[in-house]
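Taken from TrEMBL, the feature transmembrane segment applies to 41-63, 135-155, 161-179, 215-239, 259-284, 344-367.
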Amino acid sequence: MAFGAALARRSVQVAHATFSNPQNGEHPKMPKIPAWSSGLVLLTVLGFFALFFAVQYSCGFVVGTLTMIESNRTDAYVAVDTLPSNDEDDTMPKPLTSDALLEPEVLLVKNTPITSSIRRTINHLRARYGYLSRFRGLSLFLCLTIARLFIIQFVCFPQFMTNWIGFCFASVLADLILARWEMTWIHVVISEPTQKNWWKRAPAIKNWTKIAPAVALWSMASQIAKVMPIIVGMSFGAFKRMSNPDYQPSRSELHAAAAQSLLVFVLAVAFTVLIQLPATVIVVRVAASMLPEENETVVPFDRSFGGKVTPAILGGQGKIGMVEAWKSFDRSSRIRLVKLMAKILAIMTALWILVVVVVIGEAHLIIGSENIKVIMGALGAVLNKQQ
C-alpha cells in the first residue's frame, strides 16, 4: 500500500511539473478532459466493485462454506442385472444353479464431491434452487456487515480505533456479539430454502455459549492474519521513509519496496492458509453441527461427524467440539479447500489484470496516447536523475 501510494504521489508530482513548469521556454499543452470521462470512470469503478464482490461472495463465501461441511462421498455399490448371453461360443463361466442367474452383479461407482469444482457447485445450486442461489444469505450478510461496522465504530471503544490493538479488540468483540447471527448465516447457506425468513431462523440465546468459543477463535485468527503482514511490512525501512511526503525514492529503493511488498503478500497467504483457514473451518463445522434436524443440507453432510456428536435429546451437547471439528475435516477435504482458495486467488488476480487493462484503455481514450507518453517520459527522466 505504501509502495503504491509513493508511486502515485511521484506520478502526480511529475505530471504537475510537466504541465506547469516551462521547458525550453514553452509550456506543454494541457490535455483536455472530456465531460463524460467522470461518468465513465464512475461506471468502471462500480462495475468492477460489483464483479469483485460477486466473485468473492459466491465463490469464496458460499462455495467455500459448502466445501467445509461436505462429507466425502463414499463409493457406492450399484446392482447391475445380468442377462444370459445369446452367443453359443461364449466361454464365460455359467452359474452352477439356476438361482444364481437371479443374483445381480455389483458395480463399484466412485462418487465425486459436489464441491470438487466451482462450476459444479454453482451448477448444482442453480439447477435446484435457481440462478440467485449462488448469493444465498446475501441480505443477512449485508446486515451483519453493517451491524459489525456500527458496533466497531460506536460501541467498541472508539478511542482505541487509532491503534491496531484497539481495532482488533473491537472487531473480536463485535464478532462475539453477533455470534448467533453469524451461525444463522452459515445455516442459511448450507441448508435448503425454507418458508422462514432468516431473522426467524436465529438459534436460541442459550446456544450463544456453544458457538462463542469457536467464533472467538476464528475472529482472533482473522485479525492476526490481517494485521501481522501489515505490521511486518511497515517495519521495513523503505515503507517507513515513504510516509514522509518529502521523501524522493530512487529506483533501487523502489525496487526494494516492491520486493518487500511481495514478501508481505507471501506472509499474508501463509497466515491465511495456516491460521485463518483452519479457524474458519472450525467455526463453520461447529455451527453446522447445530443445524436443526428439520433442515436438510444442499450437499452431503454427516450430522453425527462419524458418531462423535450426541444429540441434546439423548443427553449430549448437540454439537461437535472445536478439536474434533478440525480432526473430522480429513486430508482430502483440506486439499479440496486449498485448491478452491487457489482458484479464487487466480480469478481475483485475473480480474485485477483486467482492471489495469481497462483503466489504461480509458486513460488512452480520455487523455490521449501522446499526453500519456509525455507523462511517462517525464517520469522516467526524473527517476533517472535520482538514481
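In case you wondered, yes, glycine gets a Cβ from its N, Cα and C as well.
Contact check: the transmembrane segment (344-367) against the transmembrane segment (41-63) gives at least three Cβ pairs closer than 8 Å, residues 6 or more apart, which meets the contact criterion. If one looks beyond the transmembrane segment (135-155) by at least 6 residues along the same chain, the residues whose Cβ comes under 8 Å of a Cβ in the stretch are 54, 57-58, 61-62, 125, 129, 161, 167, 170-171, 173-175, 177-178, 181-182, 184-185, 188-189, 193, 198.
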